[in-house]
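Participant: Take a look at this one; I'll ask things after.
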Amino acid sequence: MSLLQFSGLFIVWLLATLFIGTLTWFEFRRVRFNFNVFFSLLFLLTFFFGFPLTSILVFRFNVAVVPAEVLLQALLSAGCFYAVYYVTYKTRLRTARAQAASSGGGLFTMNRVETHLAWMVMMAVALVSVGIFFMHNGFLLFRLHSYSQIFSSEVSGVALKRFFYFFIPAMLVVYFLRQSSRAWLFFLVSTVGFGLLTYMIVGGTRANIIIAFAIFLFIGIIRGWISPGMLAAAGVMGIVGMFWLALKRYGLNVSGDEAFYTFLYLTRDTFSPWENLALLLQHYGDIEFQGLAPIARDFYVFIPSWVWPDRPHIVLNTANYFTWEVLNNHSGLAISPTLLGSLVVMGGVWFIPPGAVVVGLIIKWFDWLYERGNHEPNRYKAAILHSFCFGAIFNMIVLAREGLDAFVSRVIFFMVVFGACLVVAKLIYWLLDSAGLIQPRRRRAAPLSPTETL
């Protein structure tokens, strides 16, 4: 990449970043938080944060990258995608009166006991899954020699990892029932502690830690306990923390220029794998478009082999197609194609505009559900709605990094398990109530004041 090419790319990157950043800032000033703000920040992080890191790698360490014209196509594709997404998100599908008329009632309600039972069931799902996985494998972080081994046949019970995450929605219910600064700090300590435990047991998976910390920060923004400046500082600390965990995961011991180089490429690959989109565009002529099949194939991993004995052992979703067919990488790891990359694999660049419309509608639905929780008079139902919305933040990160096919399968799995936990909680409540074990809460007598006597 020449200096002239870099200058052109920098101008496009700066304009696109200012465009998305300005819209996001106005939305933040208007509502402080919604899922459009979150997705916009996530989109900026995924497709634009990595450009400065790539530039330093090129000019400081002479790292080879794809041609500048392909990088330009990647930046323009991301900018155009966001423009279509934003118009879709801002398009009102119904009148305000119709939206208000549909905001009452609802199909379900929650009482105090059912809500507490719900978070206990979700926590039990997570803890039992972790316990069974640990009994089969021990602490994989200290047993395995490379991170790719966690996907090998040496590790059993891999499907259980999908249930670990439900510890976070459980703690979200606990927080939203109280919404105090003490409950907020308890959420951080409990979820990050659980994330560190799963990091050691699974052998280096950092997702639970990242998600817990991100939710903690956004709750702080909503409540006014964290300023945007504090959020930026916490983000820097988070990046450094994730780099340290990555070093431990891969067993790297680096210093000096090597440490700086390692920090740049690990941070880029962790937070902003935008070059993967450029790689797909570079090999565009070699891609056999997969259509919508990757969305269906991604559900295969949730089907037990005893239910489907002939289930394919290799799932050709967009991430695996990108890893095996484009990169010719058969190390056992699946490399993230990004949201736009998954659309390119499925249908080429013509899938990007309709994909942006679909994503806009998805984020619009989550914001509608979030607003329902904000205006819900039943605090227990509101806690469940907010727990569901914030718990789905992980799936939105999957959407931006892994692609639309991975998002669809994971969000449906999350909805099914979350809903099943609510059904189990209601069933337990019904059994307890039928046995006469549920008693109405008695109002406590007001304590005597120091001047009152019996």
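Cβ coordinates are placed from backbone N, Cα and C, and glycine is handled just like the others.
According to Swiss-Prot, the record shows the following:
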TRANSMEM  6-26  transmembrane segment
TRANSMEM  37-57  transmembrane segment
TRANSMEM  63-83  transmembrane segment
TRANSMEM  122-142  transmembrane segment
TRANSMEM  157-177  transmembrane segment
TRANSMEM  183-203  transmembrane segment
TRANSMEM  209-229  transmembrane segment
TRANSMEM  230-250  transmembrane segment
TRANSMEM  343-363  transmembrane segment
TRANSMEM  380-400  transmembrane segment
TRANSMEM  411-431  transmembrane segment
Participant: The transmembrane segment (63-83) vs the transmembrane segment (343-363): three or more C-beta pairs under 8 Å (separation of 6 or more)?
Facilitator: yes
Participant: Would you kindly list the residues that approach the transmembrane segment (230-250) from elsewhere in its chain, counting only those six or more residues past its ends and only Cβ-Cβ distances under 8 Å?
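Facilitator: Sequence-remote neighbours of the transmembrane segment (230-250) are 141, 146-147, 199, 203-204, 206, 209-210, 213-214, 217, 220-221, 262-263, 266-267, 270-271.
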Participant: Using a Cβ cut-off under 8 Å, which residues of the same chain at least 6 positions beyond either end of the transmembrane segment (157-177) come close to it?
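Facilitator: Residues 115, 118-120, 122-123, 125-127, 129-130, 132-133, 136-137, 150-151, 183-184, 186-187, 190-191, 194, 198, 202, 205, 207-208, 211-212, 215, 219, 301-302, 304, 379-380, 382-384, 386-388, 390-391, 394, 413-414, 417-418, 421 contact the transmembrane segment (157-177) from elsewhere in the chain.
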Participant: Residues of the same chain, at least six outside the transmembrane segment (183-203), with any C-beta under 8 angstroms of its C-beta?
Facilitator: 126, 130, 133-134, 137-144, 147, 149-150, 155, 161, 164, 167-168, 171-172, 174-175, 177, 209, 211-213, 215-216, 219-220, 223, 225, 245, 249
